[in-house]
């Protein structure tokens with residue numbers, strides 16, 4: 001039986017920093033996590049807006065005014081992009097988990113595709129709301 | 001000489017002690033959200049921008065109210081699991097335990113407040 005070595009084993013280095021060059025596969029994956037956590041925090045916005053809407057007129061006016069200010073729209077634009085990006089990222093995980101698209105070339109293409117497609121979808125939705 | 005197989009000695013020593021349930025939950029909610037999120041974006045986009053009376057009338061209709069409730073439940077649950085995973089990866093010891101409690105309390109509070117508001121508007 002092989003010797004048991006419990007103390008002196010090499011550790012895998014932390015992914016971010018000097019050890020690994022940023023690659024589209026790692027950057028696109030880290031962005032999925034960041035957008036996910038950002039979306040959890042940003043869920044406050046619609047919840048607060050709804051709570052205000054269910055309450056008095058002055059509370060609603062305050063929150064609605066904030067959401068529809070240029071700053072509110074900027075946050076919502078970011079949230080929209082994050083939603084699409086995260087959705088595509090998770091879809092990539094589903095594709096991987098089903099056993100497809102695991103080779104490096106397709107993974108790279110999917111990584112780039114997530115940034116491009118999320119941006120395209122965001123622009124389409126904004127245009128859609130501006131037109132209709 | 002230990003009378004254990006290599007597999008038995010390795011069992012449970014990995015960084016992940018569990019995860020099948022988490023993984024499956026993420027699969028299910030990911031696929032569900034591919035349908036839910038676009039519907040939410042459209043209904044919320046239509047709802048936003050009206051006067052207080054218009055918004056109250058809009059969310060007293062069953063479809064926008066249900067979409068909002070479903071989205072809140074699934075999105076916050078899904079992203080909570082995401083945040084829990086991040087905490088388990090990067091925070092350890094007592095700080096990890098406290099961070100996990102904070103993340104879950106925050107997420108469940110969001111869901112509850114949101115559902116309360118939807119119920120108040122819709123009913």
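Just so it is clear, glycine is given a Cβ too, placed from its N, Cα and C backbone atoms.
For A:86, the entry in TrEMBL reads heme binding site. Here TrEMBL flags A:30-50, A:70-89, A:110-131 as transmembrane segment.
Proximity of distant same-chain residues to the transmembrane segment (A:70-89), defined by a Cβ-Cβ separation under 8 Å and at least 6 residues beyond the stretch ends, is recorded for 28-29, 31-32, 35-36, 38-39, 42, 45, 113-115, 117-119, 121-122, 125-126.
The number of other CB atoms found within 10 A of the CB of residue A:86 (heme binding site), across every protein chain shown, is 28.
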